[in-house]
Amino acid sequence: MPFRRSSLNHRHRDGHVLVWNQRNLHESLEQQSQRCFATRYFVTFMLFLGMANAYVMRTNMSVAIVAMVNHTAIKSGEAEEYDDECGDRDIPIDDSQDGEFVWSSALQGYILSSFFYGYVITQIPFGILAKKYGSMRFLGYGMLINSVFAFLVPVAARGGGVWGLCAVRFIQGLGEGPIVPCTHAMLAKWIPPNERSRMGAAVYAGAQFGTIISMPLSGLLAEYGFDGGWPSIFYVFGIVGTVWSIAFLIFVHEDPSSHPTIDEREKKYINDSLWGSDVVKSPPIPFKAIIKSLPFYAILFAHMGHNYGYETLMTELPTYMKQVLRFSLKSNGLLSSLPYLAMWLFSMFISVVADWMISSKRFSHTATRKLINSIGQYGPGIALIAASYTGCDRALTLAILTIGVGLNGGIYSGFKINHLDLTPRFAGFLMSITNCSANLAGLLAPIAAGHLISDPSKPMMGQWQIVFFIAAFVYIICGTFYNIFGSGERQFWDNPEEDEQKPALQTTITTSPPRLSNGSTAPAAISSS
């Protein structure tokens, strides 16, 4: 029967309620969808674990390479350079931790970056393929390849040397290529707009969680593990990644419409929130409009700046801990993970703040993204500059880096989730472009750092100061570009007019809307059954 006319919140036309005036229906459905264990939360949790596995595979080499290299045998002049400017002779250099490979700092930079070459070239192809064929299987099978090839890292390093190791890491990068664009595409299909900051931050916080797990555990395995220590890092994490990949392929589905056991109320809530209809349309990718979009370039440059700074820290911090701060291998892994623990905790906190800013109507999407992103990019930039002047104070240096990287967690409620604001339909494709470009910038970080710190004629601390300064200015400049040109509004080229306006309950739509006095057609109306 039609809704009663006594409600002042609903406009009526011939006993029908206009679709956009059924606010109480949407809120009721949202409440119902959250009473039971929501399927979208399980999908979010699995994507979180997938992101954690991806970053474990990415970061474990940073710690492992410290144990793999024979530091006292490296001939750069006569020996590998350690910082002698502090005069901390009471902090010993433990030569017993030397590994079996004689690789210079520059060569180590190429080894660390080899993963990213494979990772980068698969971004855009997987973004396009995911848009056409779906994301779930590309993500699951890609991570399975990544995990299986982890078992081959020790064999390749010992049997194939530098280039054999680079080849295996390159293939691992190829397998990990789908993780970000496909995750973004799945978030766009599973997460309603009012949950994006929290759920998006929860998923991408897996990067920090993986780093937190990887670095200290890798340090322990390198020192106490089997087969010489460092190989056990890749065997253990290879097993974990394989188990997750199989579980993901079995239990996770592409979208709510294809999920066989999802609650119907939740499915309607998600689809109606995203598209206004249970029918999800898929128009072609508007390449020309995207190329001309300044908000897209704002995300692109913010992503590139973040990746350069973040990869500088992620790949080089363990080396800095050993060369300058002289932490042992075991404590190196644990202390190197502290900044990422801070980043994980802060990203979860600030995501709740960001969603409150939007839902309270006090801030627009655009203002929220820019404010939170400023914290996420200016914070680590300033911290890197400050850390470069702390000299020999190990505690102060570590504290500043921990705070700076912690503030970096703001980017997950800033530019990182901004693709979903601009274009829910093409978020995965946009992420593939920005993530590809960002990782091209990111793979330069270990190479640049490797060359900057390899000159034995210059003070070691001075060389690391240059590394930190470059990363800091990249952070700040790219964050400023985002603040000038960024936007949190859905773009016209996402085709929002294609969304069908339809309420969550079963409805009958009038087929012949009346004409208004000015000759235009009145909005379609519905009746509830």
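Cβ atoms here come from the backbone N, Cα and C positions, even for glycine.
These figures come from a predicted structure and were not determined experimentally.
Taken from TrEMBL, the feature transmembrane segment covers 37-56 (among others). Long-range contacts of the transmembrane segment (37-56) within its own chain (CB-CB distance under 8 A, at least 6 residues past either end) are made by residues 139, 143, 146-147, 176, 179, 183, 186-187, 190-191, 199, 202-211, 213-214, 237, 240-241, 244-245, 247-248, 251-252, 256, 259, 261-263, 266, 270.
In the predicted model, the domain 'Major facilitator superfamily (MFS) profile' (39-490) shows an average pLDDT of 82. Taken from TrEMBL, the feature domain 'Major facilitator superfamily (MFS) profile' covers 39-490.
Tertiary neighbourhood of the transmembrane segment (107-126): same-chain residues 58, 61-62, 65, 69, 138, 142, 162, 165-167, 169-178, 180-182, 311, 315, 319, 432-433, 435-436, 439-440, 442-451, selected by CB-CB distance under 8 Å and a gap of 6+ residues from either end. According to TrEMBL, the transmembrane segment annotation covers 107-126 (among others).
Per TrEMBL, the feature transmembrane segment maps to 138-157 (among others). Residues 50, 53-54, 57, 61, 68, 101, 122, 126, 129-130, 164-165, 167-169, 171-172, 174-179, 182-183, 186, 227, 230-231, 234-235, 237-242, 244-246, 248-249, 252 of the same chain lie 6 or more positions beyond the ends of the transmembrane segment (138-157) yet place their CB under 8 Å from a CB of it.
Residues annotated as transmembrane segment in TrEMBL: 201-221 (among others).
Marked as transmembrane segment by TrEMBL: 233-252 (among others). Tertiary proximity for the transmembrane segment (233-252) is limited to same-chain residues at least six positions away from its ends with a CB under 8 Å from its CB atoms, namely 42-43, 46, 49-50, 53, 56-57, 60, 63-64, 136-137, 139-141, 143-144, 146-148, 150-151, 153-154, 214, 217-218, 221-222, 225, 227.
Marked as transmembrane segment by TrEMBL: 338-359 (among others).
According to TrEMBL, the feature transmembrane segment maps to 371-389 (among others). Long-range contacts of the transmembrane segment (371-389) within the same chain, counting only residues at least 6 positions beyond its ends with a Cβ under 8 Å from a Cβ of the stretch, are 302, 305-306, 309-310, 313, 350, 353-354, 357, 363, 397, 400-401, 403-415, 418, 464-465, 468-469, 471-476, 478-479, 482-483, 486.
Per TrEMBL, transmembrane segment is recorded for 395-415 (among others).
The transmembrane segment annotation in TrEMBL covers 427-454 (among others). Counting residues 6+ beyond its ends, the transmembrane segment (427-454) has Cβ neighbours under 8 Å at 76, 81, 104-110, 112-113, 116-117, 119-121, 123-128, 130-131, 135, 180-182, 184-188, 285, 290, 296, 299-300, 303-312, 315-316, 319, 323, 419-420, 460, 463-464, 466-467, 470-471, 474 in the same chain.
Under the heading transmembrane segment, TrEMBL lists 466-485 (among others).
Residues or ranges marked as region 'Disordered' in TrEMBL: 495-529.
The compositional bias 'Polar residues' annotation in TrEMBL covers 504-529.
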Positions whose Cβ lies under 8 angstroms from the transmembrane segment (395-415), at least six residues beyond its ends: 197, 200-201, 204-205, 208, 298-299, 302-303, 306, 309-310, 313, 317, 325, 335, 338-340, 342-348, 350-351, 353-355, 368-370, 372-377, 379-384, 386-387, 482, 486
Contact set, same chain, for the transmembrane segment (338-359): CB under 8 Å, 6 or more residues outside the stretch: 194-198, 200-202, 204-205, 208-209, 211-212, 215, 313, 317, 365, 367-369, 371-372, 375, 398, 401-410, 412-413
Folded-back contacts onto the transmembrane segment (201-221), same chain, C-beta under 8 angstroms, at least six residues removed: 44, 47-56, 58-60, 62-64, 183, 187, 229-230, 232-233, 236-237, 314, 318, 329-334, 336-337, 340-341, 343-344, 347-348, 350-351, 354, 409, 412-413, 416-417
